[in-house]
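Here the structure comes first, spelled out in structure tokens, and everything after it is commentary.
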Amino acid sequence: MNISMVGIDYNTASIEDREHFTLTSDKQLEIAKIIKETYHASGCIILSTCNRTEIWFSELGTSEAECFHQLVLGENAKETMRSICVCRQGDEAVTYLMELGCGIHSQIFGEDQILTQLKQALQQARDYQYVDSVLECLFRTAITAAKKVKTSIQIAKGNTSLPQTIVEQLEKEQGDLLGKSCLVIGNGEMGRLMTEKLLEKKCKVWMTLRQYKKSKAIIPEGSGVVLYDERYEHIAVMDYIFSATKSHHFTINKSMFENIRLKGKTYCLIDLAIPRDIEPSVEELSDVTVYNMDYFCQEVNDREKELEETRELLSEYVNEFKQWYQFRNLVSTVDDISNIVSDITDAKLTKVYKSIDLSREQQELLQSNVQMAAKKAVSKIIFGLRDVLQIDQCEEVLQALEQSAMNCTDSVK
């Protein structure tokens, strides 16, 4: 299979490293255009999240790693950056994507957000028309497989999102969060999820909002609102500050923060962004603790049974996709045979149609339904060959069937 991927994730790259691989939507579109027009790939899909940046290719005619280095890192990338990239091809890539959708390769084992991110990556590729039928089918199959795993196997135990994990770990380490004052900087999906989890714990929560987005914002019920430009006026009295924006500049910097702190008060800052929202030097302040998302990762312990069951179920979807991939070039031949059989059926039943007392509209409807039924029956039988024959055998049989069908057409005429 000429399917491949290249990328980095939290396993190979630290937060500091992952910052260099972050791709905006505009940058993703620019890269996809080059992959299609310059590297002549049949299709591509780009997945860019806080924990991973991956490019998926169909029919790429050059080195995946070289393509990634040139388009994402640039020619002046350090060798250490190049060394953390991972390439997967063929069966390995297909199996990896199936597992990825289930959360097996996520920091929070079994988390659900990766499935949403796969859907969004696929939809963006559709919207900008840089996905081909192969990657379309692969990602749809992976999404379907992940949904099946989620409903059939309990691979996640309790916390299936980063915000949930953060809340649980903060309670474990620092005690009850009831009544704690929290500021969430950022009104995107992660910010809203974090706010909702904090509200569930009966925290007093405020979210920042940029003035120009005020009318479009979705604020979880129970949360207060703070204008983004006024955030420093409120930070001083907060117990916890969470930052989850897509900004490429710091939302909290050391010089501003150290001047607004209250004497004798300790602060807990949680950075949920890549690139980071909180200036690293803030950690130098003695009364401040800064956490990043890597701190809250969940180790995979005692998951052998769930992993075995998941992989066994996923193997069915992997095989299903591989069969489709091998058979896809024969679909037009199957359609041709089905159409010929439909025409023959229609010709053979002409006298029967005329002998039945039906109106013209009823006769046309009956004729159309019979033709459709004939097409479906033939297609189903022929596609069933995939289960009993090798691909080369299927090709030979289809060629023979097509020739036979055409001969039948000649005799009917």
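Backbone N, Cα and C define each Cβ position, glycine as well.
Per Swiss-Prot, the features are:
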{"type": "BINDING", "residues": "T49, C50, N51, R52, S106, E111, D112, Q113, Q117", "note": "substrate binding site"}
{"type": "ACT_SITE", "residues": "C50", "note": "active site, nucleophile"}
{"type": "BINDING", "residues": "G186, N187, G188, E189, M190, G191", "note": "NADP(+) binding site"}
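Swiss-Prot feature annotations superimposed on the structure.
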| residue | record | Cβ contacts under 8 Å, 6 or more apart |
| --- | --- | --- |
| T49 | substrate binding site | I114, Q117 |
| N51 | substrate binding site | D9, Y10, R18, S106, Q107, I274, M293 |
| G186 | NADP(+) binding site | M207, T208, F242, S243, A244, T245, K246, T251, L272, A273, D277 |
| E189 | NADP(+) binding site | none |
| M190 | NADP(+) binding site | C50, L162, P163, A244, L272 |
| G191 | NADP(+) binding site | V184, I185, M207, F242, A244, T245, L272 |
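Between the CA atoms of G188 (NADP(+) binding site) and D112 (substrate binding site) there is a gap of 17 Å. Excluding G186, N187, G188, E189, M190, G191 themselves, the residues of that chain whose CB lies within 8 A of the CB mean position for the NADP(+) site are, in sequence, V184, R192, L193, M194, A244, T245.
Listed in chain order, the extra residues whose Cβ falls within 8 Å of the Cβ center of the substrate site residues T49, C50, N51, R52, S106, E111, D112, Q113, Q117 are G103, Q107, I108, I114, L162.
In this structure, the CA atom of D112 (substrate binding site) is 20 Å away from the CA atom of N187 (NADP(+) binding site). Counting every protein chain shown, the Cβ of the residue listed as 'active site, nucleophile' has 23 other Cβ atoms within 10 Å. Cβ neighbour density within 10 Å is lowest for G188 among the binding-site residues S106, D112, Q117, N187, G188.
Secondary structure at G191 (NADP(+) binding site), as computed by DSSP, is helix.
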